[in-house]
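Taking it in order: structure first as structure tokens, then the write-up.
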């Protein structure tokens, strides 16, 4: 028997497609029939960059005042009970805390970029604190 060249053909065998559930079929056909428009979505990263620009321009405090005040009072309880705070003292603490956090995140971002990443990780924060000479 002579050898013949084989050509690729589409397969007709295999499993038959399963029937869709009624709800899935209804869901697929509904948007086409009703013409419901999908909400607009920005590309990933666009909104993040917009927020970065917005917060770099602003000078207002980003942590809410009352939760920060509760945290300060809770931490102060460990050292001495019945402490009282002037509102300006809590405001100064909040300003200092936010300035520290912003600075730490800047250094953390530099550490992530140095590692050829764009996402910060806990090890970046640890490295930034270590380079600053802070205890971790």
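Backbone N, Cα and C define each Cβ position, glycine as well.
Keep in mind that this is a model prediction, so the values were computed, not measured.
Range 1-41 is the one annotated as region 'Disordered', of 1-41, 42-82 (source: Swiss-Prot).
A separation of roughly 40 Å, to the nearest angstrom, links the Cα atoms of residue 65 (N6-acetyllysine) and residue 37 (N6,N6,N6-trimethyllysine). Fewest Cβ neighbours within 10 Å among the modified residues 37, 65: that distinction goes to 37.
Around residue 5 (N6-methyllysine), no same-chain residue at least 6 positions away in sequence has a Cβ under 8 Å from its Cβ.
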